[in-house]
Amino acid sequence: MSSRYHSNTLHNRSSLLPAGSTPPASGRSSPFPPAGQRFADDLESQNDEALEGLNAKVRLLKDLTIGIRDEVKDSAIQLSQMNDAFAETGGILSGTFRRMNNMAARQGCRWLWYIVFLIVVFWFFVVVWWFRR
């Protein structure tokens, strides 16, 4: 009996539709485009948006790396100039120390007492300044 009922409902699907209507030729009753096509269009638009976002990020990274490269070049130039300036200053200081040592050798030990006296006076002024703050 159940097999007869089941086979009867399978053959009588037209009773499920409203009177006077016929199902579409494709067997689908939806007025919307096929879900597969809509899904593919959605995925493609999402991919395009993601691609635009990635292109923007790549442009930003490219600009950032170009800025870093320019900064490194400028820093290298400045370091080279500073190296030259320090080398020149080192030459000047070595000549000054050489002349000071020559003068100290001619004068004897008296210049040492002057330097000790100046250090003591400087230390005194620093201590007074520190406690007056």
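Using N, Cα and C of the backbone, Cβ positions are placed for all residues, glycine too.
Residues or ranges marked as compositional bias 'Polar residues' by TrEMBL: 1-15.
For the domain 'T-SNARE coiled-coil homology' (41-103), the predicted model reports an average pLDDT of 93. According to TrEMBL, the feature domain 'T-SNARE coiled-coil homology' maps to 41-103.
The feature region 'Disordered' is assigned by TrEMBL to 1-40.
For 111-131, the entry in TrEMBL reads transmembrane segment. When Cβ-Cβ distances below 8 Å are used as the criterion, the transmembrane segment (111-131) is approached by residues 103-104 of the same chain, each at least six residues removed from its ends.
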